[in-house]
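Engineer: I am attaching a structure below and will ask some questions about it afterwards.
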Amino acid sequence: MGFFIAQLLTGLANAAALFLVASGLSLIFGVTRIVNFAHGSFYMLGAYVGITLMGVLPGVLGPYLGFWGAIVLTGLIVGLAGALVEIVVLRPIYRAPELFQLVATFGVILVIQDLALMVWGAEDQMGPRAPGLRGVFRIFGEPIPKYDIVLICITPFILLALWALIAKTRLGVLVRAATQDREMVAALGVNQRWLFTGVFALGSALAGWGGALQLPKGGADLLMDFNIIGPLFVVTVIGGMGSLPGAFIAAVLISVLNVFGVAYLPQSTLVLMFVVMAIVLIVRPYGLLGKEEVAGEHGQSGAPETPIRPFGRRGRLAVAGLLLVMALLPLVTQPFALVLLTDIVIFALFAASLQFILGTGGLVSFGHAAFYGGGAYAAALMVTYAKTPMEIAFLFAPLGAGMLALVIGWFCIRLSGVYFAMLTLAFSQLVWSLVFQWRAVTRGDDGLIDIWPSAWLSGTVPYYYFTLVVGVLGILFLRTVIHAPFGYALRAGRDSARQAEAMGIDVKRVQYVAFALAGALAGLAGGLFVFAKGSVFPTELEIGKSFDALIVVFLGGVKTLSGGIVGATFMAAVEDWLTRLHYWRLLLGLLIIAVVILAPEGIVGSARRLGLRLGLVKHTEAD
Amino acid sequence: MTEILRVENLAKSYGTFEAVKGISFTVREGEMKALIGPNGAGKSTCFNMLTGQIRPTRGEVFLDGARITGLPPRVIWRRGVGRTFQITGTYQSMTVIENVQMALISHNRRVFSLFGRARALYRTEALALLDRVGMADQAERPCSVLAYGDLKKLELAIALAHRPRLLLMDEPTAGMAPSARIALMQLTADIVTEEGLSVLFTEHDMDVVFAHAHHIMVLNRGELIADGNAAEVRANPQVQDVYLGGGMLFKEIDHA
């Protein structure tokens with residue numbers, strides 16, 4: 001009994017910080033419709049700033065005022081940082097295609113990571129104890145830290161204060177109005193720019209407070225930003241995007257569940273959270289207290305797309321020429337360049353498969369790595385346990401990934417927009433945690449090793465050719481599908497699902513098949529990857545891997561297949577070059593932000609526009 | 001004339017509010033029938049129940065004797081019902097002709113073809129349809145640059161692509177200039193006569209209604225208060241009551 005209550009109280013105490021951070025994310029999404037991946041970074045920033053202030057302020061203000069004053073001040077400082085990010089990075093790109101902003105927020109993550117490294121160093125920092133709250137209370141004989149009890153007591157007040165802010169103040173009225181109908185609020189003469197900045201600052205401040213408040217229980221380290229993203233999105237989605245009470249309930253639910261998971265099912269802690277989220281979304285697709293998202297209620301943002309055209313003669317010649325050069329390269333270059341090129345081709349295929357479902361299908365998947373890594377693992381497991389020869393194991397990569405996509409897609413396709421994105425993220429995390437924690441089969445983070453190609457393909461040059469042929473065929477297949485009736489039907493469903501349904505097209509079924517196809521092609525890329533490296537680790541299934549592909553597709557340009565390929569090439573080359581530098585994340589982050597601001601249509605789209613202006617590309621009417 | 005559409009006691013409630021209160025009517029083969037009524041009368045709700053966008057609370061819909069109540073829109077479309085929307089929903093990223101080709105591809109059950117160029121399929125048929133509505137010269141333009149009236153014409157061509165027996169048009173002329181309205185409805189009327197299809201349409205513009213509808217139904221607060229030819233509807237005191245100022249409008253038409 002005592003143990004049970006102790007666990008419950010610990011869970012409730014953990015919920016405090018999580019709720020603060022999640023409510024900030026929820027607010028920002030509700031008003032600006034930005035999925036802010038950098039929110040975890042503000043949480044981390046809060047922890048670091050908090051530690052610094054807690055080192056300084058108590059000397060000036062005394063222990064009590066110093067400690068609590070430091071927490072309050074931390075939120076204000078992080079809020080300011082949030083406002084700065086909003087003004088500098090996000091403001092220029094609100095008019096860009098939907099969800100494009102998340103690429104910019106990813107750039108922000110990288111920048112903040114390296115800035116934190118510069119300022120606070122690489123070592124983990126312990127949080128200071130709260131003054132006067134060092135000991136424990138005994139409850140049913142179990143020790144409960146006093147600070148935990150304080151956290152449990154103040155969390156409802158935080159909820160109440162936020163609720164009052166939203167329900168009673170003018171800012172709150174604007175926030176609620178904007179959450180419901182942004183266009184209308186703008187039409188009523190509200191200065192939307194400053195409303196967005198204000199909300200972003202408030203949301204960031206909440207993240208900062210969350211980071212500072214958890215200090216006595218934890219501390220600050222450079223992995224905080226990524227570690228909290230999982231629980232953060234789970235809480236926001238379970239609660240319902242944009243709902244504060246929902247975030248509160250979900251934060252408590254997840255924190256308590258987590259504590260009990262650690263106690264009773266230590267092997268499945270990571271899986272548990274995402275299983276709960278998947279169940280909630282299947283039963284209540286918009287979260288516990290969320291409202292249905294009406295897709296495209298206010299029309300598409302950004303300029304309408306121009307009709308697609310296959311490459312003309314000149315374009316085809318250029319591609320053929322490029323392929324010829326790539327085929328001849330092994331004659332002149334060093335092996336390491338071929339290794340890089342192999343990576344690029346694999347990445348390009350992976351990105352192209354995401355581009356297919358994202359651009360052509362309009363389905364933004366946040367968990368595409370599940371199929372890439374899934375394919376890699378499918379092949380690796382065949383080799384490891386069934387001793388299958390490479391030629392056959394390789395086929396299991398697209399096959400296994402395609403089947404996985406059929407299962408995951410069955411749950412996800414019924415949702416749309418950001419909820420679809422979140423559910424794919426949840427499922428990919430589920431796959432990742434399965435692989436990570438099911439050590440008996442997958443060997444966890446030791447990975448599966450010794451997965452080498454057959455003799456006729458071993459060696460850098462033969463495998464390069466193999467990758468080139470498979471990769472190019474995969475991309476050509478996608479291209480064929482895009483221009484085939486199926487691709488048109490997929491686009492029709494994206495442009496206007498209502499119209500498509502009203503002309504006999506089963507939109508959900510088309511999307512389901514497309515999702516499976518994209519998964520299979522991602523798996524193909526994963527298969528190429530595993531035999532190129534000879535091993536596979538859970539990192540290939542991580543959120544980070546999914547984000548890599550997303551960034552590449554958005555950077556290259558969502559609208560054309562070539563966007564994904566160009567983006568992948570650009571990214572792989574830049575990363576290869578930048579990672580040799582010390583603060584490469586900072587540079588890469590700044591580069592991403594710069595591309596996002598300068599080329600809001602992606603590299604391909606903006607290059608095309610530039611070509612139009614210079615008269616290099618033929619003008620069509622829609623430009 | 002045989003009836004193509006039969007609606008029996010069709011109703012839709014939202015909570016305690018009854019948007020459509022159990023209406024019954026028929027549409028006969030080859031006729032153009034208008035459904036009119038003030039804003040909020042339940043016209044669009046009624047329409048969306050006929051084409052499957054909304055599931056009725058009770059009542060039945062029969063197409064050519066077969067029950068189609070509550071079927072999804074795509075199935076009703078396959079049974080031979082075409083529809084246009086009040087707010088057009090054409091595919092913005094496609095050209096004019098590709099929009100029509102898409103309907104033809106679906107009609108020929110080629111949606112799941114992974115190979116072959118969609119642009120090369122059913123071009124002749126698509127061009128003929130565009131020609132029918134006077135849009136052939138704009139076939140290769142992107143849909144996103146079309147003038148509103150042309151978009152309406154394109155929608156008509158799309159709706160005709162699967163050779164429907166019944167065409168449902170929700171406010172076909174809303175937002176158009178008066179002269180363009182008459183032209184579009186004249187075009188529709190010509191097609192109706194030539195192809196022998198039937199049309200049910202909602203409309204706000206009484207000029208359009210009285211010039212083209214063979215029969216008129218009046219919906220008010222979810223109830224059908226009149227169903228007959230132009231003269232009968234005009235003479236109906238309940239209708240005159242609903243359209244208070246509208247009485248003037250009816251007289252103007254008499255002079256015309």
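Cβ from N, Cα, C; glycine included.
Just so you know, TrEMBL annotations are computer predictions that nobody has curated.
Among the features that TrEMBL reports, transmembrane segment is placed at A:12-35, A:42-61, A:67-90, A:102-122, A:149-166, A:194-216, A:317-338, A:344-364, A:392-411, A:463-490, A:551-574, A:586-607 (among others).
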Engineer: Are the transmembrane segment (A:194-216) and the transmembrane segment (A:551-574) close, by which I mean at least 3 Cβ pairs under 8 Å that are 6+ residues apart in sequence?
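Structural biologist: With fewer than 3 qualifying Cβ pairs, these stretches do not touch.
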Engineer: Could you tell me what the rest of the chain brings near the transmembrane segment (A:149-166), counting residues at least six beyond its ends with Cβ under 8 Å?
Structural biologist: 9, 12-13, 15-17, 19-20, 23, 130, 133, 137, 172, 175-176, 206, 213, 217, 244-245, 248
Engineer: Looking only at the recorded stretches A:42-61, A:317-338, A:344-364, A:463-490, A:586-607, which one has the largest tally of CB-CB distances under 8 Å to the transmembrane segment (A:102-122)?
Structural biologist: A:586-607
Engineer: Could you tell me whether the transmembrane segment (A:463-490) and the transmembrane segment (A:344-364) are in contact, taking contact to mean 3+ Cβ pairs under 8 Å with a sequence separation of 6 or more?
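Structural biologist: Between the transmembrane segment (A:344-364) and the transmembrane segment (A:463-490), contact is present.
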Engineer: What else in the chain is close to the transmembrane segment (A:12-35), if you only count residues 6 or more beyond its ends and a Cβ gap under 8 Å?
Structural biologist: 42-43, 90, 94, 98-99, 101-102, 105, 145, 147-149, 151-152, 154-155, 158-159, 162, 175, 178-179, 182, 195-196, 199-200, 202-207, 209-211, 213-214, 217, 228, 231-233, 235-236, 239, 241-244, 246-248, 250-252, 254-256, 258-259, 418, 421
